Amino acid sequence: MRVLALLLAVKAACVLLVSSLTGTGAVNNSGRWWGIVNVASSGNLLTNSKNVQLVLDPSLALLSRRQRKLIRQNPGILHAIAAGLHTAIKECKWQFRNRRWNCPTTHSPNVFGKIVNRGCRETAFVFAITSAGVTHAVARSCSEGAIESCTCDYRRRGPGGPDWHWGGCSDNVEFGRMFGREFVDSSERGRDLRYLTNLHNNEAGRMTVASEMQQECKCHGMSGSCTVRTCWMRLPSFRLVGDYLKDRFDGASRVVYANKGSNRASHRADPRHLEPENPAHKLPSSRDLVYFEKSPNFCSYNGKTGTHGTSGRTCNSSSPALDGCELLCCGRGYKTRMEQVTERCHCTFHWCCHVSCLNCTSTQTVHQCL
């Protein structure tokens, strides 16, 4: 009976999935597709006879009709999207680990909380890093053969220089950009300033990945000589992408709506429709981040804005920077406690092949914001 009940539950879930993939009940809110990161877990994935992934969860209705169609047309791509989101969230948390806003996330469909309903710098970074994460993961999955509809980027072939030529398997960043633009941008609706800034920041994330592609080469020749080299293009590390976007966050441009219409058909933000709030400032480039409202006060909890505050956060009592107790705790002060920490130490490599370590316990001073 339990087996029969399980089979009926699976069948019902599949019916719900088909209904969500073909129905009209799509949710078009900006960023709702981020909920995939909570849906596309290994426990929710099955594979049919054609090796096509099915997600047994009607939460895919979080996607727009266009997004669901793109997943159906590109078998295997759901894993890449989820992986890209995981990477983007991890990078966001690392980049802002010492800031008052430290990229908090939830298990709700709107992963980043209410901050995405605003138009501040933090919102801009979230849209850029998640867009970059999808492009980066899809491009790599193509070259790894994990997506049926794409392969390596073989456009660069033949001679490349006097002692090297193009070859190998380049990461398919063009497919990653194309799919990212179609998938990510299709969740945006409207023709207002929020629509334009979201699309601009989405594109800034994709452009950063594409612009930081790196050439790698392998030598060929007798006895290890490098008579000729075969070269291909490789994706940058996502840490490099995060570092670049963090720099753009610090120098983000506050913009206003130029009221010249919008390029809705191409699903891209036209830079001509965004102008600096300060006429003396230059127009933002395609890789700059843009925002249109001041960031909320992240010092204290505020349910309306979705800010968690900094109470309980660990701070550095000797640092004058943003991670210092004076700035991170917003002048409220901090408490100090002693904590015992156990770490691996005195590690030794043994041939062949394992490493043995001892456990060392030390007492550390921990400062926490009041």
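Cβ coordinates are placed from backbone N, Cα and C, and glycine is handled just like the others.
These figures come from a predicted structure and were not determined experimentally.
The signal peptide annotation in Swiss-Prot covers 1-19, and the record cites sequence analysis as its basis. Annotation source Swiss-Prot lists N-linked glycosylation site at N28, N316, N359. Sequence annotations record features per position, and here Swiss-Prot assigns disulfide bond to C92-C103, C142-C150, C152-C169, C217-C231, C219-C226, C299-C330, C315-C325, C329-C369, C345-C360, C347-C357, C352-C353. The region 'Disordered' feature in Swiss-Prot is assigned to 261-282.
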Per DSSP (three-state), C330 (disulfide bond) is coil
Which state, by DSSP, holds C352 (disulfide bond): helix, strand or coil?
coil
May I ask you to report the DSSP-based helix, strand or coil state of C142 (disulfide bond)?
helix
Would you say which of the disulfide-bonded residues C142, C169 has the most Cβ atoms within 10 Å of its own Cβ?
C142
Are there residues of the same chain, six or more positions away from C347 (disulfide bond), whose CB falls under 8 angstroms from its CB, and which are they?
V355, S356, C357, L358
Cβ atoms near C226 (disulfide bond) (within 10 Å, other residues, all chains)
12
If you measure from the C-alpha of C315 (disulfide bond), which of the recorded positions C150, C330, C353, N359 fall inside 10 Å?
none
Of the recorded positions C226, C231, C299, N359, which one sits closest to C169 (disulfide bond) when you measure Cα to Cα?
C231
Neighbours of C325 (disulfide bond) among recorded positions C103, N316, C369 (C-alpha cutoff 10 angstroms), in sequence order, are N316, C369
Considering only the disulfide-bonded residues C299, C360, C369, which residue has the minimal Cα-Cα separation from C217 (disulfide bond)?
C360
Round to a whole number and give the Cα-to-Cα distance in Å for the pair C152 (disulfide bond) and C219 (disulfide bond).
20
